[in-house]
């Protein structure tokens, strides 16, 4: 039987990357990212003021932590947080959490006011500095006796319908939301449980094999070459699947080479021109228990709006071990349950959300709940022949033909204007040339001296036959 849920938090899928929900601290409602990769609760100082809260108190302490490779620092305060209307602490014994400046790098790129960490308590920096309970311990105390929670994450960007269940899991709700499989596949005995590795402060499990899945089999196993063995961390605050640095370049070359597409990096994101989902291979993950889980191209590709697709697979920079991070592309394909009821035996349960599941062998979940299938219909594109600057495309014909007509008009106008200017220049030159030539023909030669011989007095007409006026006598002839 399914564990009975105690509280359900509605989540919003922001740009298919972040899943955010509401937390009330004191009387202030805040939007936070619920992150299984963090073990603390911290909020932006611009959004929460301990002085303005009737139940808030300063402790004078501070904390420092690392999250997603970033340093997080701030002051430790106490207050009473509420999730889904349920208080996680009492005014007599308030919860401790961090207040971080918004300019802090850990919050500057988040579409939220803070982070609610659901990682294992051993990773809590606030707890180690103040002795207070970690958020996951608060959940366990608020919903006794179960430090248990689960995530159902939607695939479509901007969509509602994702939810976090605190104190248990809700198979029927997940199945109804997914609209894919029967509830029986989510019953406790049907969930595939993975043991969290001993000594880990994160939800990290063993990973036996990973690689592209083609022709119903794993075409290349990258974990086979691992000297220490592969592992995987489940992280609800990571928008990608992160691949260890040692494997990443070889893996991307293999993935892109199979497509034959033109791919490049844009702001450290792998982008491919005019791609469709069927040009890429599925990704296969086989965990220590032997089950195989596939992430289809429709799950790890997103359309960027320019007839290009972004590949939600990135390099894990800040670790040297062979650890993968399974973010949104994997988690939206599976219903995940996190069980910390036994501190020495934590585990993660996976339920397949795909309508394609096979019981052959250890079982295979084929994934494919994402909505990306590539650009469809006719595309009208202006393409640079050299390929240096890419293409500009439209999904309908009228903008394309509008720009074609406008371009033709302005081209004809430019050519006509240039021809008119050339014509006027040539015409002006010819006229000036004719005038100069006429002046040279009509001009009579100047007399050599003023006192030279005068023309005969009986000349009454000039050389053109025009009568002349009588010449006035000169002064010396009077």
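Any Cβ shown, glycine's included, is placed from N, Cα and C.
Automated prediction, rather than curation, is the source of TrEMBL annotations.
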Which range of 398-426, 427-455 is transmembrane segment, per TrEMBL:
398-426
So, three-state DSSP: helix, strand or coil for residue 272 (disulfide bond)?
strand
All-chain count of other Cβ atoms within 10 Å of residue 272 (disulfide bond):
20
For residue 309 (disulfide bond), just count the other CB atoms lying within 10 A of its CB, please.
27
